[in-house]
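Undergrad: One structure, as C-alpha cells, below. Some questions next.
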C-alpha cells in the first residue's frame, strides 16, 4: 500500500536477503513522501519484541537491512564518503569497518573502501537496529468493525513506521498485542498528539475515507489546553501556514497581509476555536481545523496569543518557561518515569552486536529522552454517514 506522508524520508520494500523477522528500507532524499510497507514476515511485531522499563516501552534491538539506490548527488563518491557524508548518525570509522566486513555492499558484492559508486546502484546496509522508546500507555481500541478499527492513540507513539520507528508505532503495537493487520491509517496525528485515530482494515474502506477527506467532507474536532483566558466568542484564524522542514516547525502569516511587493508565504489554512472553559490561568479550547497543515492547530493557537500550555515549540517568548517546566515535572511525577539511560544491560533482553554503535545501551544515540504528552487531543472525526469519537484525556479538566 502507498500513502502520502509529510514526515517520512524512506520507502520500505521487501529484500530477498532479509531474515524472516526483518524488512528493509530504501532510503532516498529527505523529501521522499511515499512509503510502501511490506515485510517478509506477515507480522510487523510480536509481544516478545518489547521491553518495559522506567515507564517506557522499548523495542528489543533486532537486525535489519537498509537498501538504498545511488542518486545523482551520491554518484562519484567513494562508498565510505557517501555514508559518512549522508548518514551522520554513526562515526566514519564504523562505516570503514562495515564496508570491510561486508555489512555494507554494492549490488550484493563486498567492495573496497575506495570503491566509487555509480548512478542507480543498489547499496545494502545490514544493521543492529535500536528504536527510540515511547510512553507505556495502552493503544486502547474504541471500535472494532469488520473494515474499521478506531483507537485512542497515546502521545509519543507514531502512527506508522517512519524514521527511527518501526515496531514502536500504533500499527506495530496493534499487530503485536491484538493481531490486527494489515492496517491502513486514514489520517495523521503528530507523534506527541493523542486521541482518536481511525484505521481502515481493507484497502476499499481506506479509499472510501480518502475520497471524503480529499473532498472536504470530513469534520475534525480537537481539544487543547492553552495559556491564559481564551476569548469567549468563537474565533476563526485564517492564516497561511509555512512549514520549515529543516527547523521542524511552522509559522503563520495573515492571509490578507499581502500587498504591493509583499507575498504571503505558505499554504492557506483556517481553524475555528471555541472556548469550553477557563480557570483564569488556562483555558480548554475546542479546535476545528478546516484545512490540514503541518502543526496547524499548534501554530494557529500561538497566533492567537494563547499557545498550548506545555508546547515548548510554540510557546511565545514572553511566556514564562517555568510553567512548561512545572507541567513537565507534574507529568513525569505522575508517571514515575526513570531516565532511559538508567537501563542496565541484561543478556536476557538482547545480545550485544560487537559492531553496533548503540550497544549495550537500549536506546539509540542522540535520542531526546524528555518526551511529554502534548496538551492537544483529537476527540471526533465525522463524515457522510459516519462518526467516531474518543474520550477526553485526564488533563482536560480545569
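A Cβ is built for glycine as well, from the same backbone N, Cα and C atoms used for every other residue.
Positions annotated as region 'Disordered' by TrEMBL: 1-25, 245-264. Feature annotation from TrEMBL assigns compositional bias 'Basic and acidic residues' to 1-12. The compositional bias 'Low complexity' annotation in TrEMBL covers 15-24. Annotation source TrEMBL lists domain 'Pseudouridine synthase RsuA/RluA-like' at 147-302. Per TrEMBL, the feature active site maps to 190. Among the features that TrEMBL reports, compositional bias 'Polar residues' is placed at 245-259.
Map the listed features onto the structure and describe their local environment.
TA: Around residue 190 (active site), taking its Cβ as the centre, 16 other Cβ atoms fall within 10 Å, counting all chains.
Beyond the ends of the compositional bias 'Polar residues' (245-259), by six or more residues, the same chain brings 30-31, 237-239, 265-266, 268-269, 293-296, 298-300, 302-303, 313-314 to within a C-beta distance below 8 angstroms of the stretch.
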Undergrad: If you average pLDDT over the domain 'Pseudouridine synthase RsuA/RluA-like' (147-302), what do you get?
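TA: The average pLDDT of the model in the domain 'Pseudouridine synthase RsuA/RluA-like' (147-302) works out to 93.
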Undergrad: Using DSSP, how many residues in the compositional bias 'Polar residues' (245-259) fall into helix, strand and coil?
TA: 0 helix, 7 strand, 8 coil
